[in-house]
Amino acid sequence: MSKTNLYAFGSNGNGQLGVGNKDDVLFPSPCSFSGHTNPFIDSPQMITGGGNHSAVITNKGELWMSGLNTDRQCGLPSNISNLTAFEKVVLNEDKNTNTQSISAIKSVACGWTHTIISTERGDVYAFGKGSFGELGCGPSNLALNGKILRVEGLANVCKVACGLRHSVALTTNGVCFGWGSNRYGQLGTIINNEYNEKLVGLSSKSTKNIQYFSPVRIAIDKESSFFIADIACGRNHTVVLSAAGDIYTFGNNKYGQLGYASPHDITHAEQPRKVSVFPGRIVEISCGWSATIARNDDGQVIIWGRNDHGQLGIIQRIESEDQGFIIQPVPLCYIPKLVVFPDDGHRHVIAAVTCGSEHSLAITTTGQCLTWGWNEHGSCGSGNTVNVLSPKFVNGDGIISKIGAGCGTSWIWISG
């Protein structure tokens, strides 16, 4: 096994950290890659995780995966149930009996049992299992059994994102498409046309239980010129960022993750709505299962949603309930709040943020990493399993320049 500058910590019962074993990791530990060569020339393009599987895209556009593979969500043969080290995935599109090589990978997203990738050519492919249509390959392809299929109807895609049971794609011309479960309106307002109507499957008479088995365009507002610059998915909600730096949210709001209304007033919403009260211009977004995080152009971090494990990095007090905080039955905040970082005499300017299922990571412009949130399996890298209620530094021997997260999992790239 070849070890690199990629380090992992957190939940590892299926080998999803890629560190060579199935033990939870409480401190940053080096990842392992099968073979005898280092797959990296420079830092990876992307690191992410799903339910129990994980993916890394190298700077050369190669896809490496680890973790659970029982539904072929790692794109590897069926006789491999778990991968404890990252394995290179050889991607060939299944075209009946023929195969066609897939170009370099640009983006990857992992759901509960499925994986979605987009290529440098702008094509989108799916593999794994998706009973709710999250594969996007039609109602007859809910379990691909090792096949890698192209998601038809999409072109010029630059990024993909996955929730638990839904998937979203963003094109280079700022248009957003979604498919999979729409139980909570997490696919937003669908632009209806004859093509889209053929792709819908109803599990009940309620429109909120519609499943889309192939991509449908998501309408953000009435302006045809609206340009989407980024996308992110929580467990059952979706967030988009406009080119102007505005955030729109839709889907489940049980824990205030939409950021504009109490869950007592709005439990879910399919109409995308702008989230207000941000300082600065938003340049980056990410989602936990039930929380949303954003970074502005001044290096500040804004967050909202569920907070029973410290996901917001904010210690709630009963007297603060009139400020968007709700204490019972589950602590949450439905109004965006600034994350306060350690006061050590320096202002910490944040260069990147990302969310795992119930925890978050941030890196500063000086190459330091901070974590907070759910830590039962060590996903905050603190050396113990106590939840981290406010941001704390992770010990890393060098400059940390890249971060990634999944369901109770975390990765950092240490440059030197």
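Just so you know, glycine gets a Cβ as well, placed from its N, Cα and C.
No curator has checked TrEMBL annotations; they are predicted automatically.
Annotation comment: TrEMBL describes 6-410 as domain 'RCC1-like'.
Annotated repeat 'RCC1' per TrEMBL: 4-60 (among others), in sequence order.
Look at the repeat 'RCC1' (61-121): DSSP puts its residues at 0 helix, 33 strand, 28 coil. Sequence annotations record features per position, and here TrEMBL assigns repeat 'RCC1' to 61-121 (among others).
TrEMBL lists 122-173 (among others) with the feature repeat 'RCC1'.
Sequence annotations record features per position, and here TrEMBL assigns repeat 'RCC1' to 174-244 (among others).
The repeat 'RCC1' annotation in TrEMBL covers 245-298 (among others).
Across the repeat 'RCC1' (299-366), DSSP assigns 6 helix, 27 strand, 35 coil. Summarising the annotation, TrEMBL assigns repeat 'RCC1' to 299-366 (among others).
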For the repeat 'RCC1' (122-173), the mean pLDDT of the predicted model: 95
Counts of helix, strand and coil residues, the repeat 'RCC1' (122-173), according to DSSP: 0 helix, 21 strand, 31 coil
